[in-house]
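What TrEMBL records for this protein:
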type	residues	note
TRANSMEM	40-59	transmembrane segment
TRANSMEM	71-92	transmembrane segment
TRANSMEM	112-132	transmembrane segment
Amino acid sequence: VWMVGTYNSETLSSGLWLLCNRTCDQLPVSSEDEASLKTVQAFMILSIIFSVIALVMFIAQLFTLEKGKRFYITGAIMLVCWLCILIAVSIYTARFAGQISPSTNSHHGYCFILAWICFCFSFVIGILYLVLRKK
């Protein structure tokens with residue numbers, strides 16, 4: 001749920017793939033916004049993939065890195081994840097925020113807010129990995 005709104009006392013919720021009222025249907029997107037939505041979807045999927053890769057790399061480096069060395073590879077991958085989240089959420093904010101068509105009282109949903117929180121945390125984690133040394 002990236003956007004939530006009410007229309008005729010019914011709640012509408014919109015995500016990256018579905019628009020839900022009582023039932024969920026594919027998100028109706030105009031042809032001019034379709035490329036932007038596909039970009040947001042792709043970058044959010046990439047951010048998940050890079051965060052999993054960063055976790056695997058951290059565990060691998062934890063056991064193979066020499067003492068005193070830094071987790072540069074893990075930090076770089078996490079910063080790429082941060083960049084993917086930045087691109088996706090920025091495009092969504094610019095193009096789709098508040099676009100539940102006939103809606104009144106629309107506001108951001110929990111996934112939109114969590115995406116911005118993940119943006120902040122992935123940057124902090126990426127920087128921490130770059131300065132972290134193995135003891």
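Including glycine, each Cβ sits where the backbone N, Cα and C put it.
Within the chain, the transmembrane segment (112-132) has long-range Cβ neighbours (under 8 A, six or more residues past its boundaries) at 1-3, 44, 47, 51, 54, 58, 70-72, 74-76, 78-79, 81-82, 85-86, 88-89, 92, 97. If you look at the transmembrane segment (71-92), the same-chain residues 6 or more away from its ends with a CB under 8 A from one of its CBs are 2, 16, 36, 39-40, 42-44, 46-47, 50-51, 53-54, 57-58, 61, 65, 112, 115-116, 118-119, 122-123, 125-130, 132, 134.
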